[in-house]
Amino acid sequence: MKRNADPCTARGCKWRKYGRYVRVPIVISNSYSSAERNIIIKGLLTFHKSTCVRFYWRRWWHRSYLYIFSGTGCWSYLGRQGGGQRVSLRRNGCLYQSTVQHEVLHALGFHHEQVRSDRDRYVNILSQNIQSGKESNFRKVGTNNLGTPYDFNSVMHYSKYAFSKNGQPTIVAKSNPNLNFGQASAMSANDIARVNRLYGCRV
């Protein structure tokens with residue numbers, strides 16, 4: 001298998017599709033201000049514009065849904081887990097369109113770009129510079145690449161200095177050691193293509 005969709009997506013952790021659309025129920029915590037909720041909603045609506053994924057308010061009969069709350073940092077589980085699945089978007093530091101997209105892509109089944117199965121062709125991981133306990137963020141995964149190229153502009157790509165313990169790079173591009181990446185402000189064309197291919201969208 002080749003790209004950053006997790007292999008579990010072939011075994012049932014994809015969100016269900018009804019007709020043309022993938023429908024993902026959501027709940028947004030009341031701890032956010034109206035302005036903060038609007039940032040989250042705007043991030044979610046970007047999927048409506050370019051994919052067949054649709055987010056809508058959870059009703060009592062929806063067993064699987066995303067519960068977006070202000071937790072300890074920015075994080076999400078991978079793929080549909082069942083039940084009220086938490087997506088943490090901390091009020092201080094996580095409320096950006098790119099971060100909303102990043103965490104939602106995890107929930108849809110996508111890994112970080114730098115762990116995809118073919119990453120060794122494109123980047124060097126400098127393990128000696130990685131903070132202790134953070135090594136798992138760089139561990140290569142047998143991903144389904146969905147026929148898309150490695151993308152330094154992906155909203156799922158870590159920065160060059162991610163989890164550095166000494167100010168030195170942890171990820172270096174093989175094509176250009178001076179290349180900077182990991183600062184995408186929105187999903188790339190490849191990010192969008194992967195969602196559409198994984199979920200069979202016709203947009």
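Please read every residue number as a count from 1 along the shown chain.
Cβ coordinates are placed from backbone N, Cα and C, and glycine is handled just like the others.
Note that the structure is a prediction, hence the values are computed from the model and not measured.
Feature annotations, courtesy of TrEMBL:
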- E103: active site (ACT_SITE)
- H102, H106, H112: Zn(2+) binding site (BINDING)
- 4-202: domain 'Peptidase M12A' (DOMAIN)
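All protein chains shown were included, and the count of other CB atoms within 10 Å of the CB of H102 (Zn(2+) binding site) stands at 25. In three-state terms derived from DSSP, H106 (Zn(2+) binding site) belongs to a helical segment. Annotation for E103 (active site): same-chain Cβ neighbours under 8 Å, separated by at least 6 residues, are C74, W75, S76, V87, S88, L89, C94. Neighbours of the Zn(2+) site: apart from H102, H106, H112, residues of the same chain with C-beta atoms within 8 angstroms of the site's C-beta centroid are S76, E103, L105, F110, H111, V155, M156. A simple way to gauge crowding: the CB of H112 (Zn(2+) binding site) has 21 other CB atoms within 10 angstroms, across all the protein chains here. In sequence order, W75, S76, Y77, L78, V87 constitute the residues six or more apart from H106 (Zn(2+) binding site) in its chain with CB-CB distances below 8 Å.
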